[in-house]
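Asks: According to TrEMBL, the transmembrane segment annotation covers 12-29, 35-54, 66-86, 106-125, 132-151, 157-173, 194-212, 624-648. Annotation source TrEMBL lists domain 'Transglutaminase-like' at 498-578.
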Amino acid sequence: MMNRSKDRRFSWYRIFSVLWLLLIAMPWIDYTEPLWFKETTALVTVTLLTVAVIEMLPLGAAWRWVIKAFAVMSVWRIVLVAYQVYTPAGKLFPDQFREMAQQFTPYIWFSLGAWAFFELALELLTGKKRILVFLAADLVAFAILDSFTSYYLWQNVAWTVFGGLGWLVSLHFRSFQLKYPQGWSRLRSQPVKIAANILVIFACVLLIGISMPSVSPVLTDPYTAWKNKENGAGGSAAIPASAAAGAVTIIAPQEVISGYSRDDTELGGGFEFSYSPVMAVDTSVRSYWRGETRRNYTGKGWADLQDEVRDYEIYQESSTGELPVTKIAPKVSTMQVEQTITMQNEEVYPVLFGGYSMGSVELLDEEQQAGGTMMWASKEAELHWGGYKKALSSQEPMERLYPKKYKVVANIPVIPLEEVQQATFEELYQGSQDRGYLQLPSEFPERVRELAVQVTAEGSTPYRKMELLQAYLRQNYEYTNKPDLSRKKSKDFVDAFLFEIKQGYCDYYSTSMVMMARSLGIPARWVKGYAPGNQPNPEYLQRFPETGMAYRVNNADAHSWAELYFGEYGWIPFEATPGFDAPVLYEQDGSVVTLTDDASVDRESAKQDAGFLNEISPKTIRNVFLVALAIVLAWVVYQLRSVLYFGFYRLRLGRPLTIEEKIVLETHRVVRRLRWRGFERSGDETLRESFGRWKEKQPELTASLDALLREFERASYSRQAFSPNQWNIVQELSRKLIRMTRRRTGEHFVERFRI
């Protein structure tokens, strides 16, 4: 029993088990990478790799555990020092040990948890049933996450299946080794054949998986149907949010989901992401789809629209044409961009969405009978929909209450970045300013102002200061849709976020950016709307081809951001929320560029693309398909080599081969294979002479060579007809000779290429 346990622990199978388990664990690290800090991901990854390498060492269990403990602690120190989480100071003991104990929390709990799970899995997953149950649970978890979240986890599933197949194959060979040690010894003499068969199996699985067509579901699954009910909300219909922010909407007494908020008077709380569709935007330039702005901060949120003064200009019902001109800024040029918006839900919004700033609006639905005027607030660049209030109490269909499809021509500002970065406070704000955009509550916390001054102290100009402030907020606060409100002590929303909660979502970051900028004397306003969204992947295009390559915007893209005023350069958006990038156009060397990656979208979309298991490109899939197909075809050709060999001669002669001709050809084929394996034969030798020398060289072949020679000579010189049974005998002799001389192949190869 002890020997068996020892053999299991230090066998080749143990090493392969560690490798396969590590491969199965990596997709989960890939999944959690966008959710964790970079240092946490690096720490867990390096911990697992270190533990795996040590586990494969031929040492006793006690020694391995000791080495693992020291190695993991070293990993903690190295990784966290590299990421500047911990800076060594003082003597190693006790100063650094005391500091490490404080600074390493909570990172080490992730590392220890991953290590514990890895060790537990290695000890428990010892049989086929357990491995299959483990793999099934793994795949079901990925399937649920892929179906009910925004994550695209096909590649994670593929790697898990690959690792699981490898583990099961290794287990099969290990079981064979333990049950049939003599058979295993013979099997080991044919490593190429074993590897080839395994490769063929894997290639077939990959080939089948890749070549399966994408088929849209005939029926909508119950979960999706439930989520899409009432604009993606389960339970009661959506109601205005009282505790929701620009990115959330209350849909039930105890459930808050993301969406365009109607009430921002009290910000905060947590929410769940809703991925129900909102609109498709067909445009050549990414933009934030702007809704409304707010300027009066109360300490809890933003004052209602009715508490702010708007100078509206009526834009007649269902009209087509130019909006009253909005003066962007004298030192800023604009790019005219068309944006066609197609609404994809049954909601009615208080505004029409578009990029900043709208130049004209055209309702495209000829059957549009929306009941309401459009009101243009040029100062805020908002286009309000007059039918919104009517919709709150109306039972009419949505298409009669809100435009279903419309086209916006937006004049997108092109910011001369170098100029505005160098503009001083006096140059930007020498004239009178709108005091409404500098408003601060009477009890605005002084420590917020002090923090803003401290963070921006090194900025020489207003724009440079705002760049520092934006970077500070993005780098020092945790993004989460469920902030821990138990930390909150301050009554002021911004103060509580900056000094107590220190985590949150877009409303926390954008509001803090606006108010900290105002505290420094820079005019700012709060904006809510939607992030750009995503352009569709091939699967979505197959289901909804009518959308084309338009940006798909859903309720998870609901967003808020800050716009800061820089005098003659106008309003410029600043994005303080981590994971988001404002698609601002800049002027650089006479051309228009954007400093954001075109593929960079909101935080949830970025999660889908992040990680070391990148989304598989069509080119990669094609290459894998071709390689897998080539392997399968090569295996088929090898298995049918005899049929193809005789088929070639049949085509050459133009008639079916006789049994005698098959025996002669088979004998010559065996001779060629034996010569390749080191059995020499001169050109003037007869077959009998060659077989005689070969029998002297390898006596165990005598019986088979004599029998084959006898059948060959009878087929060549005798007029006696051969029966199918005699042909079967020759085939069996051929296979036997090939098997008996297989070991000489490697020896002959070494001899031929010996230096």
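Sequential numbering from 1, following the chain as shown.
Using the three backbone atoms N, Cα and C, a Cβ is placed for every residue, glycine included.
Given the structure is predicted, the values throughout are model-derived calculations rather than measurements.
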Asks: Can you work out whether the transmembrane segment (35-54) touches the transmembrane segment (157-173), with the criterion being 3+ CB pairs under 8 Å where the paired residues are 6 or more apart along the chain?
Replies: no
Asks: Most CB pairs under 8 Å with the transmembrane segment (12-29): which of 66-86, 106-125, 157-173?
Replies: 157-173
Asks: Could you put numbers on the helix, strand and coil content of the domain 'Transglutaminase-like' (498-578), residue by residue per DSSP?
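Replies: Across the domain 'Transglutaminase-like' (498-578), the residues distribute as 33 helix, 26 strand, 22 coil.
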Asks: Against the transmembrane segment (106-125), which of these stretches has the most C-beta pairs under 8 Å: 66-86, 132-151, 157-173?
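Replies: Answer is 66-86, with the largest number of Cβ pairs below 8 Å.
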Asks: Let me spell it out: take the transmembrane segment (157-173), skip the flanking residues so only those 6+ beyond its ends count, and list any with a Cβ under 8 Å from a Cβ in it.
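Replies: For the transmembrane segment (157-173), the sequence-distant neighbours (Cβ-Cβ under 8 Å, at least 6 residues beyond its ends) are 13, 16-17, 19-21, 23-24, 26-27, 127-128, 131-132, 135, 138-139, 142-143, 146, 194, 198, 201-202, 205, 209, 613, 616.
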Asks: State the mean pLDDT for the domain 'Transglutaminase-like' (498-578).
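Replies: The answer is 88, the mean pLDDT of the model over that range.
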